[in-house]
């Protein structure tokens, strides 16, 4: 039955298309997406369990890592299960309230992810550039305040999204050309002028992303300057390798997010399947990579997991 025949459904029901033009590949696309999700869940849950169990890991870096892991779990879980229902079961219908809820979680937790990347970059800056004052600068109380501020920022700036969309009339098609309820994909369905609503969303996203990205870049530039001044070449290479892997994860997150943002603003000639596929990547790849880069490559976490599995570290 065609999705265009909407007369049998209530007005509060919307429909997800998935990836336009690639519907015949949905089943196959769902397999790597599901694999990424499983690794993300297992990896982030492992990090949370290890840090909770091992008191020697109760340090600023690992507290921020736990906050990032919780954000990754919420971000991926708010999208992947519903996406897999679409890909594998053909479940395209979604209630409007459920759509708005998913939208809030996606956008607010994406902002939190960016904020926790900044917090972790600041932690590494203090640890490398001012190690003697690391514990006095990043006390437990201050860490909690930073985490609370990141969460509050995400909630405060993106709570208006579902509120604004809830008040709009939808008298056109109710087909969302996306795999999830993304703000710009939904707002296009309104039958009134939505210029101010779009402007608010794009402005908030650009301000948060550009500010976080700028300060993260400054932090790592200062870190690299300090690393190259280390007297030991071995210590410099070790610190450089750690920072390099962190920077790669951050670049993946911001590059895909910036591509999605610019496509909404300027990329009207970008094929929709390319746009939607990249939009999925910035929700899937960081939760998948973060446990590997921040967990597997961290010796304390790796040794604890290997010890728990009775595997002798080589």
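Yeah, the Cβs are placed from backbone N, Cα and C, and that goes for glycine too.
Annotation comment: TrEMBL describes 43-294 as domain 'G-protein coupled receptors family 1 profile'. Here the domain 'G-protein coupled receptors family 1 profile' (43-294) returns a mean pLDDT of 87 for the predicted model.
Look at TrEMBL and you will find 28-50 (among others) tagged as transmembrane segment. Residues 19, 22, 57, 65-66, 69-70, 72-73, 76-77, 80, 83-84, 87-88, 280, 284-285, 287-288, 290-292, 294-295, 301, 304-305 of the same chain sit 6 or more residues outside the transmembrane segment (28-50) yet have a Cβ under 8 Å from a Cβ within it.
Residues or ranges marked as transmembrane segment by TrEMBL: 62-84 (among others).
For the transmembrane segment (104-122), the residues of the chain that approach it from at least six positions outside its boundaries are 61, 64-65, 67-68, 71-72, 74-75, 78-79, 146-147, 149-151, 153-155, 157-159, 161-162, 180-183, 205, 208-209, 212-213, 215-216, 219-220, 246, 250, 253-254, 257, 282-283, 286, 294, judged by C-beta separation under 8 angstroms. What TrEMBL lists as transmembrane segment is 104-122 (among others).
Under the heading transmembrane segment, TrEMBL lists 143-160 (among others).
Summarising the annotation, TrEMBL assigns transmembrane segment to 204-227 (among others).
Under the heading transmembrane segment, TrEMBL lists 239-262 (among others). Residues 110, 113-114, 117, 120-121, 124, 128, 202, 205-206, 209, 213, 216, 220, 223-224, 227, 230, 275, 278-279, 281-282, 285-286, 289-290, 293-294, 297 of the same chain, all 6+ positions outside the transmembrane segment (239-262), place their C-beta atoms under 8 angstroms from a C-beta of that stretch.
Summarising the annotation, TrEMBL assigns transmembrane segment to 274-296 (among others).
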Winner by Cβ pairs under 8 Å against the transmembrane segment (204-227), considering only 62-84, 143-160, 274-296:
143-160
